[in-house]
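Worksheet for the structure shown next.
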Amino acid sequence: MMATLATSPPTSPTWPKRRPRAWALRCERYCCAAATYFPLAFVYSLTTWAVYVEASIGLKPSRSPWIGLPTSILGVLLYICLNASYTVAVFTDPGSPLTTGAGRHQYSALPVSELPEYTAYTVSSTGGSRYCKKCQCPKPDRAHHCSTCKRCVLKMDHHCPWLATCVGLYNYKAFLLFLIYTSLFCWVDFAVSATWIWTEVFNDAPYLETMLPVNVVLLAILGGIIGLVLTGFTAWHISLAVRGMTTIECLEKTRYVSPLRKALDRHRYEHILGNHRDGNRASPVADSFGHRLQDYGQQILDAHANAIPGVTRAEEGEERLSPAPEQPASHGVSDDQLTPAQQALTRSYAELERQREHDRYQDYLNEEDNGKLPHAFDLGWRRNLLHLFGNRPLLWLIPVCTTTGDGWRWEPSRKFLEAQEGLRLKREQDMANQQHYYRDLYSRNMNNGRAWLGPNAAAPTWNPHQPLDSFRDPERPATGVSMRTLAPMSPRPRPGDSDFEDDISETDPLNQQSVPANGAVNQLQKANEASSATTNRREDSSEWRDWD
């Protein structure tokens, strides 16, 4: 049966069946493209109709003193500006990390010991560097992945369906100008059409009875409604531009780097490089190179620790007769800086569970501190607007891209750095207090245990790098699972077992009064031997009774 299935070629639909399916897919693709560009056609047609009606009102004779040629020229100018801004916002690339070469090769599968310089101030939900798995590229600060455009966008604000594209770093200025010009255009149309209706229609009864200008009334209604809604949306985006924020940053919580991360990374970086200030300084380059080679081999071994059980790690069920040798600390690196494979091989389940609880508590503290931090990229309203509109005031009202920056490097605000430094000092003080508490608790427990070890016991030592592992016994053998530890124990006593001892000690002072004579003792011993022989004969036949 399997041979028949293996030899039979895969069936495929014939050409008459595949042709309608391909035609349907092509039609679906065309319909989706037409639906994508429908908002563009709608905006262009609606604004063209509005400017035609508004200019016609100004060119006709009117009783209103301010409706005339100036209002028509103003409407045409706003129409040109808003459509130019709209076109630039639609057809300008908002910017993507994929279009630039920066950071494309920052990730590698090879083990490295050097730590990268963290220039980013935001992290992912897990606290690590932000990386897009769909685009296969690192995400800088303020960059997000758009599921509609199917790519990452630099300084992404939102995906606008009326633009059929994302609003990002390079087209946000044109988008904001489009909102401003459209709001002004709607209010101008509403004012001109409403004034003309009030002065020409309601004051002339015969004219009202004979004809009703439908276009003017419709322009007044649409101009008022769209202008009211769009003005609020424009004011919202102007406030975001003044504060230096995006829509995503305002509506969603931004996760910043932990205040202790840079300090811990710098401390670990010094240890990895072998910064021996008090030790041998003869050949620091050779020593550091040797340490790096040793770290490379150790990382490769840890990555394949589960590939060869029994060689690179202890096999499951294997029991060691002697305690596991302790691994010497490499360049002062604590257990918290070991890889998960190293921690699984050198630490027990209780210690790992304590470490997980500690990590969860640290994540909770990071979330609490994250809510206390101000916006990291708010440089003040003046610098925020200069970043958006550029340094040339003559180009501020023209829809050309004058936004500064490349989308990869962002300058943090002074308030954010001060708040982060204050939180870092507070966290360091809390960690020092916690280490002091564990140090005292460890010393008290060891001093209480020295009475059992004797007067020659060594004094207890404390390792400040492991506050949560202070109760670990370094001489404890490695834990393992074997058939001996998994042997079932019956709650019923075995044959020959008893809760009381069978033999009676003659030297026991509590039983000296009840000890019989020598003859009686000999008879009692013979009876016990006979009972043991009987029990041994029944043991083979009753062994299954020990199992539940």
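Cβ coordinates come from backbone N, Cα and C, glycine included.
Pulled from Swiss-Prot, these are the features on record:
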type     : residues : note
TOPO_DOM : 1-32     : topological domain 'Cytoplasmic'
TRANSMEM : 33-53    : transmembrane segment
TOPO_DOM : 54-70    : topological domain 'Extracellular'
TRANSMEM : 71-91    : transmembrane segment
TOPO_DOM : 92-173   : topological domain 'Cytoplasmic'
DOMAIN   : 130-180  : domain 'DHHC'
TRANSMEM : 174-194  : transmembrane segment
TOPO_DOM : 195-215  : topological domain 'Extracellular'
TRANSMEM : 216-236  : transmembrane segment
TOPO_DOM : 237-548  : topological domain 'Cytoplasmic'
REGION   : 313-339  : region 'Disordered'
REGION   : 463-548  : region 'Disordered'
COMPBIAS : 536-548  : compositional bias 'Basic and acidic residues'
Lying 6 or more residues past either end of the topological domain 'Extracellular' (54-70) yet within Cβ distance under 8 Å of it, the residues of that chain are 76, 188-189, 192-193, 195-196, 199-200, 203, 216, 219
On average, residues of the topological domain 'Cytoplasmic' (237-548) score a pLDDT of 65
Taking DSSP H, G, I as helix and E, B as strand, the domain 'DHHC' (130-180) contains 9 helix, 16 strand, 26 coil
